Amino acid sequence: TGNKTSSTVFVILGFSHCSDMKVIFFILFLCIYIFTVLGNLMILVIIKMDPVLHTPMYFFLRNLSFLEICYTSVTLPRVLVSLLSTDTSITFAGCAAQMYFFVLFGATECCLLAAMSYDRYQAICNPLHYMNIMNKKVYMQLAASSWICGNLVALGHTTFIFSLPFCGSNVINHFFCEIQPVLMLLCGDAYWNELQIILAAAFVILMPFLLILVSYGLIISSILKIGSAKERYKVFSTCFSHLTVVMLFYGTAVFIYIRPKSSYSLDVDKVLSLFYSVVTPTLNPVIYSLRNREVKGAI
């Protein structure tokens with residue numbers, strides 16, 4: 001490919017090493033993609049149509065469902081095409097665009113999950129003032145801030161990585177233009193570049209996560225003051241869905257991004273990336289519809 005990044009064409013390996021399983025993978029991923037899109041669309045429509053669900057918590061859930069549709073659409077359609085084609089190449093601009101949107105939706109989800117935890121904190125710890133504190137202006141600003149933050153992070157990451165010189169191999173051992181596999185194609189020693197990416201990822205991932213931990217620390221402290229065990233369970237049950245999504249999303253994201261390249265395993269990370277970029281968005285509508293009485297009632 002030469003040293004000029006403007007003429008670089010990348011080859012995404014994807015699941016080419018499992019050629020005899022391509023048809024099975026195609027059917028599996030197609031079913032997952034359809035289920036993810038329809039499941040999250042169902043959540044969007046239900047919340048939109050039911051006036052009972054027009055609250056801050058469900059406004060954030062609508063944003064989350066929209067995010068999951070976009071998040072999955074960045075990777076899976078191209079994976080499906082590559083499974084049916086022998087040409088798995090992607091242009092420099094196409095790879096940069098895919099990374100930008102993937103980081104955009106991922107970083108936005110980090111911030112949005114933190115905003116949702118703040119909403120749960122206000123609902124449980126300040127129930128009498130909840131509607132005054134979490135008014136329309138506040139929750140709209142929190143959602144907008146999440147998207148703005150996600151956009152800035154994605155723009156910074158993508159601009160930084162794709163302004164660096166690529167040389168040697170142009171093969172990305174992944175199923176999309178993920179940050180770590182692309183970093184491995186940089187010329188020379190990418191230690192400082194990798195360190196900057198890790199520090200930036202740590203800030204983006206850990207800051208919202210710390211806010212979530214603080215929120216739930218205060219929530220648990222408040223719940224423990226409730227005398228009845230039944231009431232404690234009832235109050236905490238309003239957080240189950242959000243907590244489950246947080247654990248699924250952050251569990252793999254932290255392991256993927258906040259560690260040095262020396263501990264990077266291509267095959268293991270490909271599976272983990274598949275989990276948080278494909279499986280988690282599929283599970284979200286199931287988690288929120290099964291664990292939420294209001295959503296089940298609306299259905």
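From the backbone N, Cα and C atoms, a Cβ is placed for every residue, glycine too.
The domain 'G-protein coupled receptors family 1 profile' annotation in TrEMBL covers 39-288. Annotation comment: TrEMBL describes 23-47, 59-79, 99-118, 138-162, 195-219, 240-259, 271-290 as transmembrane segment.
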Task = Report, as numbers and ranges, every residue of the chain located at least six residues beyond the transmembrane segment (59-79) whose Cβ falls under 8 Å of a Cβ in that stretch; write 'none' if there are none.
result = 14-15, 29, 32-33, 36-37, 40-41, 43-44, 47-48, 90, 98, 101-102, 105-106, 108-109, 112-113, 115-116, 119, 139-140, 142-143, 146, 175-176, 245, 277-278, 280-282, 284-285, 288
Message = I'm checking region-level scores; what's the whole-number mean pLDDT for the domain 'G-protein coupled receptors family 1 profile' (39-288)?
response = 85
